[in-house]
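Chemist: Can you keep this structure in mind? I'll have questions shortly.
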Amino acid sequence: MASMIPAGVYRTSYREDMTILATRNSRLALWLGILLVCATPLVFGRYELGLLVNIGIMGIAALGLNILVGFTGQISIGHAAFFGFGAFASAWLHERYHVPVALCIPLAGLMTALVGLVFGAPAARLKGLYLAIATLAAQFILEDFFARAQWFTGGVAGRITEPFEILGWRADREETYLYVVLAWVIIMFVGASNLMRTRDGRALVAVRDHYLSAEVMGINLAYYRTLSFGIASLYAGIAGALYAHYLLFVSVEAFNILLSIQFLGMVIIGGLGSVAGSLMGAAFMVLLPEAVQALADALAGGAVDRALRLGNSISFLREMAIGAAIILFLIFEPDGLARRWRLIKAYWKLYPYSH
Amino acid sequence: MAADASPTAVAPARPDPTGPGRHAGEAQGPPAAPILAAEHVTLRFGGVRALTDVSFEVRRGEVFSIIGPNGAGKTSMVNCISGRYRPTEGAIRFDGKDITRLPTRKRAGIGIGRTFQNLALFGHMTVLDNIMVGRHHLLRHGFWTGMPYWLLGAQREEIAHRREVEEIIDFLEIQHVRKATAGTLSYGLRKRVELARAVALKPKLILLDEPMAGMNLEEKEDMARFILDLNEEWGMTVLMIEHDMGVVMDISHRVMVLDFGRKIAEGTPEAVLADPHVRRAYLGEADEVVHDVDEPAVA
């Protein structure tokens with residue numbers, strides 16, 4: 001996380017030195033990026049906007065998992081279950097207590113955080129593989145709960161959810177829901193960036209890097225290990241709630257262990273311990289199947305297809321590509337897209353001189 | 001600030017206002033109220049006795065060194081004080097309170113800071129963040145106020161503490177690496193960052209486990225100067241384990257010698273050096289052999 005500050009940037013106060021984004025240009029670029037996303041409904045169709053919405057939702061969930069896995073150095077293979085809990089909680093809050101949807105989303109996040117704290121309690125004592133198994137148990141326990149708790153989830157039939165609405169403004173289409181997701185993405189990512197530059201964020205990283213000396217520094221290991229589960233679940237819950245009010249229907253099958261693995265894939269591909277990387281990883285994982293699908297469509301019926309007799313199995317390329325991407329990233333880019341992005345920036349900083 | 005506090009035993013007296021008084025004991029020193037007292041501490045691992053009935057006191061404001069051969073129990077003693085180990089028998093009192101059973105994490109708050117023999121920095125954090133972790137128990141803003149950074153005062157707190165941390169950075173002369181990732185630094189610098197992190201705790205007592213191990217002469221001189229300044233200007237009591245006898249004899253007020261987990265001597269550096277037990281146990285028989293061989297050559 002070494003800083004990369006170009007020559008000629010002089011900071012004259014600690015406040016300036018502690019900003020999230022180092023330079024005026026990077027701040028400008030961010031604002032420009034947000035503006036561009038805001039403008040996409042003018043250009044893109046519903047399908048492309050749906051992809052953007054998905055990237056945002058998955059990005060929030062991946063960021064939560066990154067706080068747990070990347071920053072605190074723990075492991076969870078049950079993230080999808082918390083994501084699902086958030087989705088059901090939001091739907092339930094609206095249907096049972098008629099809480100406005102806009103409020104349901106943060107409330108569902110808080111409820112999921114509480115559940116996460118419960119399932120995170122073993123993390124105070126377990127590490128590594130043992131913790132992985134404990135979180136796997138959380139995944140299956142919650143999945144089972146979803147299937148059985150009819151009052152909460154609607155059981156196997158699932159639950160219809162209401163679209164997002166605030167002050168009479170309904171966001172029931174991609175063109176409008178995009179802004180809801182964008183707002184939450186900004187809130188959650190700024191929150192995480194702030195967290196990482198304050199006391200508790202540093203404590204989480206300290207627990208990861210050297211827990212013995214963290215303890216000597218006065219850090220309560222059990223508290224922070226459990227807390228990181230709580231924060232991860234908060235993110236998962238909010239992402240899940242956003243997902244529920246986007247699809248307008250939630251059902252148990254969506255939140256299986258495959259999704260948990262996909263979240264892990266996003267975090268690894270994006271870059272462990274990188275806030276921005278979480279969004280990059282989510283974008284990669286959402287867009288990769290699209291790219292592979294496009295490739296498969298291009299291949300279908302072509303010379304390669306005929307020669308290898310791929311036929312219907314060409315669609316499996318999609319599934320295989322995800323696995324291959326994770327493996328390739330682990331081998332060639334273990335620090336993820338975030339590091340590649342830094343290297344590209346470093347290259348342009350020195351361009352046209354290579355040293 | 002005098003830069004020539006030499007860690008070698010043969011160097012002339014330090015140009016220090018207290019001068020040789022440091023070696024002469026506590027003539028002008030602080031009141032002798034002990035800040036730390038170990039009472040009959042025994043530490044056993046199964047059948048192995050790491051420490052046997054060790055008692056000593058560290059007085060407020062002094063530099064107290066523990067020396068002894070490898071495996072003598074020096075680090076075990078420091079681990080008992082910092083909470084990593086719990087003595088099997090005996091008690092440890094800090095500032096008059098019994099802390100034998102106090103959890104490790106609560107010892108930062110009462111004023112005990114430490115460094116480790118084998119570097120224990122947070123390798124992926126910047127130097128600045130490493131030192132800020134040292135402020136952990138002094139900071140009040142948790143995650144719920146930290147996330148809305150600007151709204152609830154977390155930023156103000158961060159800036160205030162950053163200011164104090166910068167003073168420590170200035171003092172230890174690590175300004176040039178403050179934004180570097182700690183794991184990428186050279187050994188000597190990492191030792192210095194670790195000291196900075198311990199100082200950031202604002203400890204009353206700072207435990208230094210071999211602060212100069214593996215350093216070259218220049219780095220040792222710097223470190224000795226830092227330790228002296230911490231003691232004299234920052235008012236910290238220092239408990240240090242160190243193998244370099246020159247440094248120990250030069251900057252300590254008092255020295256304790258451990259051998260096979262037992263205390264065999266305690267006192268001023270001169271007294272300890274003169275102690276026949278110490279000469280035999282710590283410095284070894286070789287001393288006499290060398291003496292025997294040297295005599296005729298000189299004559």
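Here the Cβ of each residue, glycine as well, is placed from N, Cα and C on the backbone.
Feature table excerpt (TrEMBL):
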TRANSMEM  A:28-45  transmembrane segment
TRANSMEM  A:51-69  transmembrane segment
TRANSMEM  A:76-93  transmembrane segment
TRANSMEM  A:99-121  transmembrane segment
TRANSMEM  A:128-147  transmembrane segment
TRANSMEM  A:177-196  transmembrane segment
TRANSMEM  A:227-249  transmembrane segment
TRANSMEM  A:261-288  transmembrane segment
TRANSMEM  A:316-332  transmembrane segment
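Each of the listed features needs to be described in terms of its position in the shown structure.
Modeler: Remote same-chain residues near the transmembrane segment (A:51-69) are listed as 37, 40, 44, 75-76, 79, 83, 174, 177-178, 181-182, 184-185, 188-189, 192, 195, 204, 228-229, 231-236, 238-240, 242-243, 246, 263-264, 266-267, 270, 272-275, 277-279, 281-283, 285-287, 290 (criterion: CB distance under 8 Å, separation of at least six residues from the stretch ends).
Residues 61, 64-65, 68-69, 99, 101, 104-105, 107-109, 111-112, 115-116, 119, 131-132, 135-139, 141-143, 146, 152-154, 159-161, 229, 232-233, 236-241, 243-245, 250, 252, 254-264 of the same chain lie 6 or more positions beyond the ends of the transmembrane segment (A:76-93) yet place their CB under 8 Å from a CB of it.
Cβ atoms under 8 Å from those of the transmembrane segment (A:99-121) belong to residues 78, 82, 85-87, 89-91, 93, 134-135, 138, 141-142, 161-166, 184, 225-238, 240-242, 245 of the same chain, restricted to positions at least 6 beyond its ends.
Distant neighbours of the transmembrane segment (A:316-332): 262, 265, 268-269, 284-285, 288-289, 292-293, 295-296; these residues of the same chain sit at least 6 beyond its ends, with a Cβ under 8 Å from one of its Cβ atoms.
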Chemist: Give the one range among A:28-45, A:128-147, A:227-249, A:261-288 whose Cβ atoms make the most pairs under 8 Å with those of the transmembrane segment (A:177-196).
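Modeler: Ranking A:28-45, A:128-147, A:227-249, A:261-288 by Cβ pairs under 8 Å to the transmembrane segment (A:177-196) puts A:227-249 first.
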Chemist: Do any residues, 6 or more residues outside the transmembrane segment (A:128-147), come within under 8 Å Cβ-to-Cβ of it, and if so which ones?
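Modeler: Residues 74-78, 80-82, 84-85, 88, 115, 119, 122, 153, 155-156, 252, 255-257, 260 contact the transmembrane segment (A:128-147) from elsewhere in the chain.
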Chemist: Could you tell me what the rest of the chain brings near the transmembrane segment (A:227-249), counting residues at least six beyond its ends with Cβ under 8 Å?
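Modeler: Same-chain residues near the transmembrane segment (A:227-249) but 6 or more away: 53, 56-58, 60-61, 63-65, 67-68, 71-72, 74, 76, 79, 82-91, 101, 104-106, 108-117, 119-120, 123, 158-164, 172, 177, 180-181, 184, 188, 192, 195, 200, 204, 207, 255.
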